[in-house]
Amino acid sequence: MKARRPAARYWMFPQVRLPGRTWPNRRLTAAPRWLSTDLRDGNQSLPHPMSPDRKLAMFNLLVSMGYKEIEVGFPVASQDDHDFVRLLIEKDLIPDDVRITVLTQARDELIHRTVESLEGARAATVHVYNATSPQFRRTVFGMTRDECKDLAVHGTRLAMKYAERLLAGCDFGYQYSPELFNETELDFALEVCEAVMDVYQPEPGRGIILNFPTTVERSMPNVFADQIEWLDRNLSRREHVCLSVHPHNDRGTGVASAELALLAGAQRVEGCLFGNGERAGNVDLVTLGLNLLTQGVDPGIDFSDINAVRRTVEYCNELPVHPRHPYGGDLVYTAFSGSHQDAIKKGLDALEGEAVRRGVPVRDLPWEVPYLPLDPEDVGRTYEAIVRINSQSGKGGVAYVLSARYGLRLPRPLQAEFARIVQADADAAGGELTPERIKDLFDREYRVSPQGALTEVAPDEPVAADLYLDGVPFDVGADRADAVQRVTAALAPKGIDVRALHRTGGAELGRQVTVYAQCRVRGQLWWGVGSGADAETAALAAVATAVRRALPNTRTIVDESRTSLLSNHETNQDQQAQKGEEPLTRPSHPRRPGAAVLGRPARERPVMASPAPMRG
Ligand SMILES: CC(=O)SCCNC(=O)CCNC(=O)[C@H](O)C(C)(C)COP(=O)(O)OP(=O)(O)OC[C@H]1O[C@@H](n2cnc3c(N)ncnc32)[C@H](O)[C@@H]1OP(=O)(O)O
Ligand SMILES: CC(C)C(=O)C(=O)O
């Protein structure tokens, strides 16, 4: 096969000679003026342009978010476009503080009909454009530079004339764009804009918007920034000019182009929500706005319910927003990988600790959480989806899910142990594990089964947790405070050593207390978990579970007169050893999807915990 060298067909975009450029040293400290062109540039790029209902939904969304300049259409493009502008005006749907804009080519009959469509509007801008680049002058229009400039001048004159005639009482604004600005010789773009201004005569209270598009993005953003700084330096009547930019995203750098252009002197940005627009889109107003917010600059736009914004945009455009789309995509606040989850969990724990120490809500603290550039709650997303579990996940993530969703704060060694169980299940299942599945795995592994049921005791009941040991009651007694110690003491001669009891307090589980017990049973460590209305009940259940996990076939553990514990236990261990099984504390063997994780023999009766009898 003959090797093609397509790169040879392209050439490097020329740089701008700009000695002493200043934009690299500047910072963005305030939001620019925003214009949404969703209903124009966005709409004109759709396979199915928006129906009137969809247009109205988009308009209302933009208004509710706080956009004050909205390009509502290209009225001469279609009857629908025209009718929508009329609908907004005639039904008085435009808030007083919102200015609508309409676009037209610099052609006489089109300008007339465009201005006419605005009759009755309170505040409206007519936006005239013509392409100025050498390629367009040559190929599309067959025009000289002067003829091209005259087109802009003539269009401006016509817009002013018709506005004067038709828009009495309207707060009229004028905008001119040299289309393909980025491919136009800078001196010529300036010459055209100066000629337009000579006609429009901007002055105090009568500013003009000069809008500079990267109609097709062709250079790196620094080159565009140079072009904008050059204009900023060279435009006359600068104080009456709103220097606007309209970046597209053909190279995937629309946002960077807009941001660097703002550093370079631009004061206004035109774009679309989630970057809809021709080809690879217009610059994304959501990303731009939230990029500002995450630098501590108020964008002046309400992004507090990003999902609602996304839903409406998807409905209007009939195009999906990518799950990885910055700030708004389904997956952008979600970590699947273990080390990310671990760092996020630690960051969130630290933040919560700090909030408790200072006695303030977390949302009042500076946001400093690894891997999350933005607090999901600031855009109406929940913490719940931050961590999702699959085979790439680790103990931090699993612990986060149990903690965030179920209030279960596992001790570190138990986190590691349980993560291996989850990992094995995820490997076998081959996909994502839901929080419900993880909780189910946890309960099946570490909690007392229903018949063992100290955990079943209703949290509000006054519990007296007598233990039935081979049918003989072990009287915990009225003084529950040392019940665990007495049970512990009774277990010790049987080779069962209660090593650690971790308690997590009831707040996160309502009135329930959860205790994690670690027991050494004949030299091997076992965890059990219990919940109850008080710490003792929970601790007894936890110890019971740990012992039952260690000795699944044991029927009796503390009954001095009828001991079967040790023989059963030994039998069990011997069997494990003979089969070469790993200890059950380290289950690393893959399991079939949906298979019981424990795979233990059915338990005939509880080892030590029993339904606690009510004391009358
Ligand atoms: C970069 C941008 O996004 S700019 C916005 C682009 N948006 C749109 O084009 C959508 C709306 N446009 C339309 O629906 C149509 O173009 C209409 C209805 C406005 C005009 O339609 P028509 O006149 O039938 O056809 P068409 O668009 O092909 O006309 C192109 C003519 O306009 C000329 N033209 C194109 N742009 C401009 C301009 N900005 N100013 C003056 N003349 C222009 C072309 O040179 C061409 O002239 P020719 O007929 O002498 O060759
Ligand atoms: C009309 C202009 C601003 C435009 O949409 C573009 O060049 O992309």
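Including glycine, each Cβ sits where the backbone N, Cα and C put it.
Just so it is clear, the model here is predicted, and its values are computed rather than measured.
The following features are taken from TrEMBL:
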type: BINDING; residues: Asp41, His246, His248, Asn282; note: Mg(2+) binding site
type: COMPBIAS; residues: 563-578; note: compositional bias 'Polar residues'
type: DOMAIN; residues: 32-307; note: domain 'Pyruvate carboxyltransferase'
type: REGION; residues: 449-616; note: region 'Regulatory domain'
type: REGION; residues: 561-616; note: region 'Disordered'
Candidate with the highest Cβ count within 10 Å, taken from the binding-site residues His246, His248: His246
Assigned conformation of Asp41 (Mg(2+) binding site) - DSSP reduced to three states: helix
Residues among the binding-site residues Asp41, His246, Asn282 that border ligand 2 - Cβ under 6 angstroms, in sequence order: Asp41, His246
Any further residue of that chain within 8 Å (Cβ to the Cβ centroid of Asp41, His246, His248, Asn282) of the recorded Mg(2+) site: Thr37, Pro213, Thr215, Pro247, Asn249, Gly254, Glu270, Gly271, Cys272, Gly277, Glu278, Gly281, Val283
Integer average pLDDT (0 to 100) for the domain 'Pyruvate carboxyltransferase' (32-307): 98
The one of Asp41, Asn282 whose CB sees the fewest other CB atoms within 10 Å, among these binding-site residues: Asp41
Asn282 (Mg(2+) binding site) in three-state DSSP notation: strand
